[in-house]
């Protein structure tokens, strides 16, 4: 261990976590390492920051959205090292998040543009009871605001319920809830989606084939998400269910309500994560007090923490579960830093130093990932999808919203690097997205149309 | 071609992707502001007066060009600050990305965004049924639009390099030249649909800008010859 610590800089990070935990059992160490370990102990605490996301259930069947926030994972003990590595890897993390968000948006936009089903209005969810077909503008506005209030209160109730469940250690209930909701999502919505896509392209498929396909898809998805699986497959599944969820929202939320809800949710996210009395924050603190990982949550992880999980099967700490939504649930996600898991594992294995060293070593390489809640994915995609569906400027507006959301994500990650604690990912991006949507639709579109008709170039 | 540029040169390095997206964002904001101004002007004026509308449009275009260059300058300032931050935080004291690379990426960002906005609705319409130029307009509408867009994207890239170089070395005439070129190209597009008037000079300007940017970036005729003849 001592040799490990004297290794080059790049390995300093890995050993920091481990050494801090192993120092508890080892004999007194020289002052240099003491200092380091003190810092590391602080680091371990710092790593327990999580971001909680809240999920809401606005679906007529079961719906929950998670809004989460991303959390950086850092391992370095020394402050400036941390800064450097943060920024050095910062760009890579941002890209690691850009890609899935982009993919999700592309899937949603492609579906919206091609499949008619998702732009037809076939009724509303029970969570948005007020219709928007009223003749007057004021009435419509009022209805959308009321819808929003109902939705947000449902979300708040769900979130508080989940916090209570967590506080009183009803883990089985939560697990069951998560599994049920992801089951429903994977099977039912995929079936509907596949049906619609096949209808659009006029491709015939018989029921046995369909059953086989959906069964395989769903089963592999459940395993991948709730248990263990290759990282990329897991990421792909997460993206797909986020896209499905977003499509459902786009279909079932009436126009103005959707925009108002987007705005309200980003405000709620901001408050829930940052206010001291916010439910998300309470959840995070409770988990920190208990020194345990927050229950399996719905997050998108860009780091390969789960591959190490396979080497250590008895970790209670791992248990990623995807649960996007559930009618009656308001799941919160918490992003745990993988280092937390590592520290736990190394605690249990401190008598056997050799094995954790090597496996954690591999882990260290990829641990520096960033996590983003699936609710964020969903809402970003809802924004872009709605822009694609309803804007008359079509692709310009969609593109503008897309760039705005990416820039918002960038800024959020930058703030994350500066503040080093859990942050809500929704507000900045959604604000930018909304601003750009409305301004592009109303201001830029006539300008560009006129330019294009005269074939002028600016 | 612009997309190929993106793939080969930018997609590898995440920092460049971020700079690209930020560049696109800045262009978008400039477009937003300029269309705001145009919109206000149009609303405040008489919609039936054809000449006035045309004049307003021209005014809008010029103003937009000026705004774009202004935002390019702002972006330059931001990148300067960012590069200082990167240098301070990097391990070996030099920034992972040079200002010239940033200039290139920023130019591509601007270009891609402007190209996308110019072309994408066209492309979407092109997928659908229809005949080009059925009302007596030119039949080459799509082709010329495509070429014009491409030349504009490349021009933005080169202007980015020239502009940043001018700002770095405090050569105001370079910056002024970029602005003038941009105005010229936009003005030339007023000649449409007389395509000879707009496309050919634009391409010539692009070649000139390309050569200039190449020389500024440290290339020379010898380098070019060596590269083309695949000498070591």
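Backbone N, Cα and C atoms are what each Cβ position is placed from, and that goes for glycine too.
In TrEMBL, annotation is done automatically, which means it is predicted and not curated.
Taken verbatim from TrEMBL:
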type	residues	note
COMPBIAS	A:340-351	compositional bias 'Polar residues'
REGION	A:1-77	region 'Disordered'
REGION	A:314-364	region 'Disordered'
TRANSMEM	A:94-112	transmembrane segment
TRANSMEM	A:145-166	transmembrane segment
TRANSMEM	A:173-195	transmembrane segment
TRANSMEM	A:207-227	transmembrane segment
TRANSMEM	A:234-250	transmembrane segment
TRANSMEM	A:256-275	transmembrane segment
TRANSMEM	A:399-419	transmembrane segment
TRANSMEM	A:425-444	transmembrane segment
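With a cut-off of 8 Å between Cβ atoms, the residues of this chain six or more beyond the transmembrane segment (A:425-444) that come close are 67-70, 259, 262-263, 265-267, 269-270, 372-373, 375-376, 379-380, 383-384, 387, 391-393, 396-397, 400-401, 403-405, 407-409, 411-412, 415. Where the transmembrane segment (A:94-112) meets the stretches A:145-166, A:173-195, A:234-250, A:256-275, A:399-419, the count of C-beta pairs under 8 angstroms peaks at A:234-250.
Listed stretches A:173-195, A:234-250, A:256-275, A:399-419 were compared with the transmembrane segment (A:207-227); the greatest number of C-beta pairs under 8 angstroms is found for A:173-195.
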